[in-house]
Amino acid sequence: MKILAITGAGISASSGLPTYRGEDGLYTKIEKRSGARIEDLLSIDAFKKDPAKVWHHWRDLSLEIYKASPSPTHQALATLSRHYRIGKPENFSPSVLAPLRDFEAIATTKLNESGSNHFLEVTQNVDCLSKVAGVHRKDVVELHGNYHQHWCTHCRAESVLEIHPEMEIPPMCKICKSAVAIMRPRVTMFGEGLNPHAVTFCEEYARRAHMILIIGTSLQFHYLASLIKAAVNEFWRDPLLVYVDPHASPYKSTLLALDSDLEIENRLICIRKNSDEVIPKLVDFLVSKGPSREELEEWCKAEKS
């Protein structure tokens, strides 16, 4: 069975990581402190204009993110990754961090892996907690990057910086040592586009998936909904669509924008529970029973009630 998990900030809710929005959200605190919108404060234009100012915000965000630990949902996805990884090659990663020139070859190999069981997590999270939990680097695409890896804006060299309150800001590259060699996190800033090869790869994987798990995300980004469209757009396929979130609904604006003849509202199984309550049990069922599609659908519908 090929499984695609689309994950968002909700799976990190019990990880000790504050939300980004809301009264006590990480972004909200920065906006209150700075008197400006986060979309302006952490944009590519702001970084080009004043990298030190942006880096003060990045440092504070990174320190909060580094305190977090994987949730039961992260741990369960790691279990699924390890279970499906048995007998598969370990030599590369389809991560969004891969150079653009390498991504197509990497993605092709992932799509052509042998065996009947495959797992891929596509996440909008930048906390890297899935990898920390043990999801194999080949089994996760971080569409927005992550705050654990950094690269030089001059020589493009990658490295891991030691983030602490007294660090040099902005940090400079220790490899090329150029006067303009400012380091930055491997994250997608506001105003930057996503890696197009990553999006294409995810859509192609979705077309082959037997089950789409949507976990802890409000699906506010249209490119996430496009993965669901890719999965159900093949007339000869009927993938199982399961949405696990306390606010799961087929009436999200991005889903409503999809073609009406796809009948998403009739095909989507919405389990309105916390993912930490559902996903560990679901993964245990998958790993221990190896269920058929019909058995899996029956399990999910029972969990819904």
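Going from the start of the chain as shown, residues are counted 1 onward.
Just so you know, glycine gets a Cβ as well, placed from its N, Cα and C.
Taken verbatim from TrEMBL:
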ACT_SITE  HIS144  active site, proton acceptor
BINDING   CYS152, CYS155, CYS173, CYS176  Zn(2+) binding site
DOMAIN    1-289  domain 'Deacetylase sirtuin-type'
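Annotated features, which come from TrEMBL, shown on the structure.
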residue	record	DSSP (3 states)
HIS144	active site, proton acceptor	coil
CYS152	Zn(2+) binding site	strand
CYS173	Zn(2+) binding site	coil
CYS155 (Zn(2+) binding site) CB neighbourhood, other CB atoms within 10 A:
12
List, in sequence order, the same-chain residues at least six positions removed whose CB sits under 8 Å from that of CYS152 (Zn(2+) binding site)?
GLU158, SER159, CYS173, ILE175, CYS176, ALA181, ILE182, MET183
In whole Å, note down how far the CA of HIS144 (active site, proton acceptor) lies from the CA of CYS155 (Zn(2+) binding site).
21
So among the binding-site residues CYS173, CYS176, who's got the most Cβ atoms within 10 Å?
CYS173
Env. residues of Zn(2+) site, Cβ within 8 Å of mean position of CYS152, CYS155, CYS173, CYS176 Cβ:
THR153, HIS154, ARG156, ALA157, ILE175, LYS177, SER178, ALA181, MET183
Just how many other Cβ atoms lie inside 10 Å of the Cβ on the residue listed as 'active site, proton acceptor'?
18
Mean pLDDT, the domain 'Deacetylase sirtuin-type' (1-289)?
87
